[in-house]
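Report on the structure given below.
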Amino acid sequence: MSLRVPPPQSLREALKVPDRYMFGPGPSNVPPRILEAGARPVIGHMHPEIFEIMSDIKSGIQYLFQTQNKMTFAVSGTGHSAMECAIFNTVEPGDSVLTAVNGIWGERAAEMAERIVKKGFSWSVFALSKHRPALFFLAHGESSTGVLHPLDGIGQLCHKYNCLFLVDSVASMGGSPLHMDQQEIDILYTGSQKVLNAPPGTAPISFSERACRKISSRKTKPLSFFLDFNWLTNYWGCDDKPTRVYHHTGPVTAFYSLRESLAVLCEEGLEASWERHRTVAEYFHAGLENIGLKLFVKDKQVRLPTVTTIIAPHGYDWKEITSYIMRTHNLEISGGLGPSAGLVLRVGLMGCNSSRTNVDMVLSALTDALQHCHRSKV
Ligand code: PMP
């Protein structure tokens, strides 16, 4: 048989990737050290050296999450895969799920849960006692609205009603204080591409003993084979079984970068990283107000230090601003997402990007955009 589809002309050209300032809500810039780690040779995903790297990753995540949980690993996939891993493994038909909606991520979690259970319920303390949900979802850092949701006391409240506490920390982890065990969080996940500064594609996750008990008491198998907790924890060597069985081919080069990104964070120290993100964000927020922009989140206490939402300046087309800044300054900032679409500009300064120099760069790009973009008189 002859080939009917010729090789595409475009693939004869060399790969072109520009260097950019990645100051949107993610992915962030990946420093050379982490990029180089990902360029090391591919070896078998079940070779002993890879198991050792996976074990280092587990310890790194335990530090990052401040947890002693044995069931700590990284899902092969982006933040969404960890979200589904958390929900699909703990929820089964007949359960109810409660989600706090303070932006798009609560909506997404509800959309995932509704694939298993009939209807999710929206958050209020009253809803815990009324609906007796099996799981409560909360985004710690809501990257769509720029809100940092307080966590203290919620885990204890959930446990009073025999409900698991699931926290999304994709946008906050490493940039804002969080103590998984002390705050009684049952399932916690994050992504690699924000504060960790690794490429997108791996998602750290951890399950408490309480969460494990709920999983082992399931009457049905989880919806997804790929995200099945028992398979994944065996592949990651968390379950103490004598043999680790092939489940999927782990993305080994992504593991190298994840390990390196955790090593960078360990070198700086969590508390130092939290403090750096806090002070840089404060400096940024003051600078924004100085140039006449307004922050979307009024209450300083609940502003996310990693992703800042700025009220879309009146009279301007937000898209013109983001494209002007990209074209003129080679710098990505983004518009809103989900409920904040059209209302805000979003700037993410995460991990190595969280510095005063970068704040100054964003402020001058915004000032320039406000001078040069079209402004309507109405
Ligand atoms: N949760 C939050 C709070 C996020 O900010 C994101 C990414 N923007 C996700 C989940 C999903 O992560 P990913 O895009 O890596 O799938």
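Here the Cβ of each residue, glycine as well, is placed from N, Cα and C on the backbone.
Note that the structure is a prediction, hence the values are computed from the model and not measured.
As recorded in TrEMBL:
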| type | residues | note |
| --- | --- | --- |
| DOMAIN | 21-340 | domain 'Aminotransferase class V' |
| MOD_RES | Lys194 | N6-(pyridoxal phosphate)lysine |
| BINDING | Arg346 | substrate binding site |
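Lys194 (N6-(pyridoxal phosphate)lysine) sits 14 Å from Arg346 (substrate binding site), taking the C-alpha atoms as the reference points. The Cβ of Arg346 (substrate binding site) lies under 8 Å from the Cβ of Gly24, Pro25, Ser143, Ser144, Gly146, Val307, Thr308, Thr309, Ile310, Ile333, Ser334, Gly335, Gly336, Leu337, Ser340, each of these being in the same chain and 6 or more residues away along the sequence. Computed over the domain 'Aminotransferase class V' (21-340), the whole-number mean pLDDT of the model equals 96.
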